[in-house]
Every structure is written in C-alpha cells, then in structure tokens.
C-alpha cells in the first residue's frame, strides 16, 4: 500500500514501468448472521498484505481486505489507478471470484444494483463522481486543459458480446445483433459498432449504468438470488487536450486514456447452484470462459511466447486490459468466509497468486508529472450555489460523545444571531437529513436577494445515527446532557439556542432536556412527538409549537392533547395525513414563524450583523468554531449515508447542483469543436465595388475563353464563390455536376435551384446519343472518438427508372469472384475500416438494353459527411438497345482517378462496341 499512497499523493514524476502490470487485492465477504456454516479462521498481517488459511502457507498480495472492510476502504485503495486515464494512460479494475462472493456489491452496491448512498456506493458510481471531480479541479486550475468523456457498456453473454446501451438490442429478440471484436493498427482491442455515448457529468454516466443494468442477464440460482449470468464491461474513454501556445490558439496536444471497469460473472458449482436448462448452459459457458482466463494468466506469469487470448470471447475482450504493455490493472479477487466454500476459495487464491506473478515487460508512456491531491475533504464537493443559504456539513467535537456530524445552513457571525438546533427521531431511517426540506423552506421564507435570513440552522446526527459514531441509546438515556454539550460547542458564550426542534424520539429528547436544563432554549417545536408522562411538562415555560398526526398510532394524539394541557404557551395543531398528506411539508415552517412573531418582538428585525446584499455581493464567510471541523460542502449536505433516506427534493437538488458543476468542466470544449469561420458581412461600399467588377468581366473563369455580349446574359454566376461560367461550354458542366464549383482550386459547395439548371443542356447533347447519369461516391463517419475507425457507405444511384439490374462492389479487384453483388436499390456497401480503401463499382444494366457492364474504379474517400460525383454515360442511340447483330464489349472501365482534373465536373464514359 505504501507504493500506492506515494502514487496518489506525490507530486514528483512517476515511472509507471516500476509498477506491476496486475495488482492483486483480496476481499473477504463477511458471513451472514443467518448462515449455519462454519467460518474459516483467516489470519492477516499487520499491514493486511499477508493472508493465512488454516494448515496452509501464508500468501502475499498487494492488499487484503478483511470482512469488516468498507466500500470506502476498497475505493481508497484504487484511487491511484483512477487518475491515470486523465493523463492518457489505460487502467483496468475488475472483480473476480465465485458466484455470490460479493463482486457486484463491490462494483455497484447492495443487491447487485446501483446504489448512490454515500457509504454503500460501489466502485463504479464512486469512480464516476471521482473522475468528474478530478476534471473539475484540473480544468479550474488550468484553462489550457480540456476534457471529453465517452462511455460504452458491454456484456459477454453465452460467448457473445452485446451492447447494453444500444437501443432495441437485447438477447431475447436480437441474438443476431451480437458484436464482433477487432484489433486496430495499434493493437488495441475494440468492439465493432459498440455505441459510445458522450457524458458531461456523473449523473449522465450513472443513468447509462442503470439502463445497462436493466438489460444485463441475471437470474435466480440456489446460491444467489440475483446471479450475474454475464460478464459486464464499462469502458470510459477520457480525452485530454492541452492548448499548445496562447489562449487563442487551437493548436493542442491530445492524450486518450481508457478506464475499464469489469464485473465478471462468478465461477459456479453446478451441483450446489442446481442450475438447469438455460441456467445450466449459462453456468457451463461462464466456467469455460473463466478457465480460459486462468490459462491466459498462467501464460502471462510464465512469460510464454504464446498467450491464448483468442481462445474465448472474454479473454479476447480483456486482451488490452491484461497486456503487460498496454494497461495497469487491479484484480479484486473475492472469497467467501464460509468453510463450505473452501474449495472455491482456494481455487480463487491460487489464480490470484498466479496473476500477481505477471511481470511488466514495458509500457510505452511518458512519466506522469502532475497528480491530484484528494486529501482535502472538499475534493468532489462544492460551495452552495445559493450563496445566501450557505449549506455545508461539519463535525462537532464534543468532550463526552466524540465527533457529531451536523448539517449547517445560514450565517452566524456572533451568538446574538438566532440559532435553531434540530434533533431527529430514533427510527432506522432517521438522520439530520430529515430536516433538509424544512430548513430550505424556512430559508426561502426569511431571506431575499437583498438580505440574509436571521436564522442559523444546526441539524445533528445523534450518536449512532447517520455519520455520527457512538451509542444509539444516548438520545434516549442522556438527552439533557447530550443536547447541552452540543449547545455548549455551538454557543460557547451564551450556552443556549433560539429554538429547539425535535421529531418523534427527538421531540421526547427536547422535552426531557428542557425539564433538566430549562435555560438552553427560548422556543421549542415538535412534530409527532413521543411523550411519556406529560404531566412533567408543566415546568416548560417556553412558547411551544406542537403538531400531531391523528392517523399516527405510534404517536397517539390523545397524548398530544395532554401535552397541550400541560404546556401553557403553545400553538397546537392536529392534522390527518390520510386526507392532508403534505400538511407538515406545507405548514410546519409557517406555523413556526407565526410562533416567533407572536412571542418575540424582535423576530421581524434583522440582527445588526445582518448584511445588506446587492446582486454582485460576495458574502464574507463566518469563522469556523474551535470545536468544529469541515466535513463537506453542498454535496455532503444533500447526500445520504448509512441507509439514510434520500428524500426526493434533496435528490433533485443534488443532481442539479452536481451536474451544473461537472458540466462546467467539460463544456468549455472549443478544442473539441471544428473551427467555423465567422460569417463575412459585406458592407454597401464593398458590395458596390464587387458588382462593378463583375459587370465588367467578360472572361470565363473555367475555360478562360472570351464571352460574347450575346451570351453574357445566359452565362452563370455561381452564388457563393462568384465565379463566372460561359454559356457556350461550361454551364452545361453544372447541369451534370451541381455539387461544387468546377474551377480548379475552388471547390466551393453549390446550391443551385433546379429551375435555374433546367435552362442548360447536358454536355454532348445530340440526337445520335442516349444519356444516363450515374451518381456514385461514399459517406464517411467516425465510429468513435477512441479509435481511428470509420463507417464507410459506398453507393451507386441512377435516376433513370429500371436502368440498373445490379451493382457489384469489389474491394479486392485483384482477386477473382471477390465482388459483393447487390441486386436491388439502394445499391450500397457498408464497411468499418481504419483507412480509405479501393472499391470498384461494377454496374450491370437492364437485360433489355444489351449494354456492356460498366466498371468504375474508385477509391473510398475519408471525408466528413459524403463525397459524391456524377458520371454521364453516353451510348449510341439505337433505341434503348445496341444493335443485336453487333456484340457489345464485355466490360467498359472508367478510371475515376484518371479523370480530367482540370475540369472535374465533366466526367463521362462512352459505352461502345468491340
């Protein structure tokens, strides 16, 4: 681990050749309390790098994670590899082990599903947040750096590769849509036609992940209720572009990094999983593919001259990830802590040891010079975009109860400002997050664009709840002492707060604290309170807001009516949640403000410390108290932890804020956008001068011949480039090819109305010839930003109906019978290639015409969008056929490369007899 910590925190150059190509971690799944099986008594070294089983030798790995290890512990160990793709390197992390050993839990979260709770998140959602936080930090510190992120999500199911995010592509009804694997000219392994989706923030990436997981093959077995029946591969392409010179330059250096996150299906003992039918076939395929993976590891560990990557789809797909020259990989092997799984555990450990023996041969990369410091608690977190709310989180360090996590909102420069302390209940889903929406409504009601709210909010996680350590019984057994200690920390001078607010058991704690320590608060407010022996509350003199749900049997309204009787200064409300479901949400904050207004004559007066704001005001931040330490910003405030419920309003705001910050990091992308020349606006003087020059012109720009006065009005002035074509010979070329200017060196795209073209005749118009126009060419589009692969569509078209019988596309003209015949329109050939290629078009005319075949020798063009040319086919006029007594030539060849380049629009071929 020391080497990893150095990689993560050091700012010196790092030679990646010093790192092993495959780092091996072991994670031990904890036993379930319901498991009746015996536990394996593992032993660990002090640094958790040595694992020892009973009656076995010690095994050394890069890291061993005992059963009590958390998702956070795992993620911290892999961070060094995550930032490498940000600098143009390849990294791979994959989970390996038997079925039901916790692989998908490690990669995604509980129950094999994507989990966004802060402590339960798996590697993939944490990686998503990390990458965009890192990009934000890098681009914020250097405006010359820009990033673009793209994602593919694939699975290997029954030996075939499927795209999990391609529309209408699932195994049940699209088995023919499995994808093929190809190597590019750099040796990188790519999946043909795999969709790459650009993403701008972590939520877009997580939505892709959720979509893909819905389509991934899972099924029930007797060993796992949600067993992965396929291997899943998430590929994140990260392109970094650095501006080379000035801030206005578009010259840049590009680095392309790739991060593979792989969740392998688990090896399966079919006698225990009781797989049958499709499940049996899936298990056999999975076990076979994992066996091939082990053979690859064997070959790599012995530096064999032959590595059997091609023996299975899985190993072929992982070839770049396992290569000792192309990637740095972490293998997280998962083993069970149960003795019944000992055989599979030993097998997994055996092959993990083999993987650890793989040696680096070389890695052709430069040294890494800049690293990302992630030690700051605000890494990946941000300031509240609503400046006047100033929501964030802290730890309050108490003398008796340790660190207490708290969500803060508002500003407090001194203790004269009104502090509201909020205490949650003691149910399994209670935490300070319960109050987020309530606090937000109070802030909206008491602040404006010109002034801050007079209230300062502290919502705490009681000991044992949320992110606070300690005993859950504290809030029940010692409410007075605990709440007093919190108040002493946040109000060290006055030792009191303006208002105490509690819910459920938290309300009982507020009542009990006030009985013991009546001076700690000026107001109290409770909702759905637990109230034992309410006669004791007669000593509570503070004005109180009491809110009861008459439909809540757990907090009986009959007790609430007694509380109303014994607390004299109260505002008491009852509501029925069955009829008024959102009563608390819409009314609690308003009723509290009414209470303040009635009993506090200064409640509507802003404190002298309150600031008057303008649109450009930057509000000074209050000092951190001696007992407080920063825990996070707005992301920490809105995020759930330890199974806290992520309330809908907090979830929406979290997505909005996180997306906004992350989008800023990838939308400043002028280096990724083709430069577009600014449109030139011609002023009146320039226009008049241009028209004068054009009116005086009498020479054709194409053939350079003089244009007579009788023809000048019939000649054609091209609309954009303003070239002049003579009527006698050059206008007819536009009739044939109206795509671009025919003047040499111009090639301006043309858009001439057909009505204007109808004025001119085709070249070589004669009663002795029959003419057909053939259109040919190709379109070209990049298949991904990650490789130089293009999808080419070569085509032939003809407007004359029924003129063509078939078109054959020959991409290997030197080999006989290599052409691919297309017998009906559209006459197209689609190929995905790394570069331009030869493709001859062989046109077979209608059988009724007796015309010779026409071969057009063509070289497919690598140009954006499409490249099109027209060809005029000239035939002696014998009706529509050649004279039967005269035998036509077998094939006429038109060499497109040998065309007259001085007049590129005059392209024609004559079909003649032998």
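Just so it is clear, glycine is given a Cβ too, placed from its N, Cα and C backbone atoms.
Database features, via TrEMBL:
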DOMAIN    21-358  domain 'Kinesin motor'
BINDING   97, 98, 99, 100, 101, 102, 103, 104  ATP binding site
DOMAIN    700-743  domain 'RING-type'
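Positions of the features from TrEMBL, shown on the structure.
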residue: 97; record: ATP binding site; Cβ neighbours (10 Å): 29
residue: 98; record: ATP binding site; Cβ neighbours (10 Å): 26
residue: 99; record: ATP binding site; Cβ neighbours (10 Å): 25
residue: 100; record: ATP binding site; Cβ neighbours (10 Å): 25
residue: 101; record: ATP binding site; Cβ neighbours (10 Å): 27
residue: 102; record: ATP binding site; Cβ neighbours (10 Å): 20
residue: 103; record: ATP binding site; Cβ neighbours (10 Å): 27
residue: 104; record: ATP binding site; Cβ neighbours (10 Å): 29
Inset, instruction - Looking only at the domain 'RING-type' (700-743), report the model's average pLDDT. - result: 79
Inset, instruction - Provide the three-state DSSP residue tally for the domain 'RING-type' (700-743): helix first, then strand, then coil. - result: 6 helix, 6 strand, 32 coil
